[in-house]
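Asker: One structure is given below, represented as structure tokens, and several questions about it will come after.
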Amino acid sequence: MQVRQSIHSDHAKQLDTAGLRREFLIEKIFAADDYTMTYSHIDRIIVGGILPVSKAVSIGNEVGKQLGVSYFLERRELGAINIGGPGLIVVDGQTYDIGNEEALYVGKGAKEVKFSSIDRANPAKFYYNSAPAHTTYPNKKITLAEASPQTLGDDATSNRRTINKYIVPDVLPTCQLSMGLTKLAPGSLWNTMPCHTHERRMEVYFYFDMDEETAVFHMMGQPQETRHLLVHNEQAVISPSWSIHSGVGTKRYTFIWGMVGENQVFGDMDHIAVSELR
């Protein structure tokens, strides 16, 4: 398990490229027949991926000592979205079929969570976020059809996109975790522009569905002190509450967003006009 500390905005704006990447970029999300795990001190979110190819992969129980618990989800909830082939998630003996672009919410207290692929030639790829939880809500599978969609932007501004909200209060109850998948319309390259911050929660962007030559210029930093990260396929960016989070790709891409904090109201954000950015 990698650990990322919180960082003050005054410190962040002094970092060079290597420093920004070290603090905010998660370069490797998937490893065959294993899971990855990055623990951020920012709202205590955990981010990672599970790639079961030739065997099932159980997540996280060996990190109990680092988390101060006897098993991974003793005091946490988890959301996973499959971006690969058809897969299975078994939660304490109950099996869920999770296809491409389908999600599973797992409530606090689940003792064993096991991930597997149906076809090793086309393995499932489960991207997950986990957040501290104070109570137990029911496990729930969410399909793309069951997600709450919202289309924003315009072709003229190259930012037309559909925000598919999988794990939000309109779809199911959680303690604090929210997750969704945003698809850009053909020809659109910008996400979340005009941009925003949200003081009451942090966010992680996971970029995928990109070929080897594609990169996303991910904008971050305070609105008057912007910086950027070059992000490639299947990499994630941690965004503190004080930072904008927006990106433009050299070609098409898709991304999953996950938020943790004290407020789950999707529209609770502070919008920033493009003219105000520096």
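Keep in mind that glycine also has a Cβ here, set from the backbone N, Cα and C atoms.
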Asker: HIS41, HIS134, HIS232, HIS245: which one does Swiss-Prot list with HIS196, HIS198, GLU203 for the Zn(2+) site?
Answerer: HIS245
Asker: Where's the emptiest Cβ shell within 10 Å among the binding-site residues HIS196, HIS198, HIS245?
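Answerer: Across HIS196, HIS198, HIS245, these binding-site residues, the one with fewest Cβ atoms within 10 Å is HIS196.
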Asker: Taking the centroid of the Cβ atoms of HIS196, HIS198, GLU203, HIS245 as the Zn(2+) site, which other residues of that chain lie with their Cβ within 8 Å of it, listed in sequence order?
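Answerer: Apart from HIS196, HIS198, GLU203, HIS245, the close residues are THR192, CYS195, THR197, ARG201, SER239, SER241, SER243, ILE244, MET259, MET269.
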Asker: Identify, in sequence order, the residues in the chain of GLU203 (Zn(2+) binding site) that are 6 or more apart from it along the sequence and have a CB within less than 8 Å of its CB; answer 'none' if there are none.
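Answerer: For GLU203 (Zn(2+) binding site), the qualifying residues are SER239, HIS245, TRP257, GLY258, MET259.
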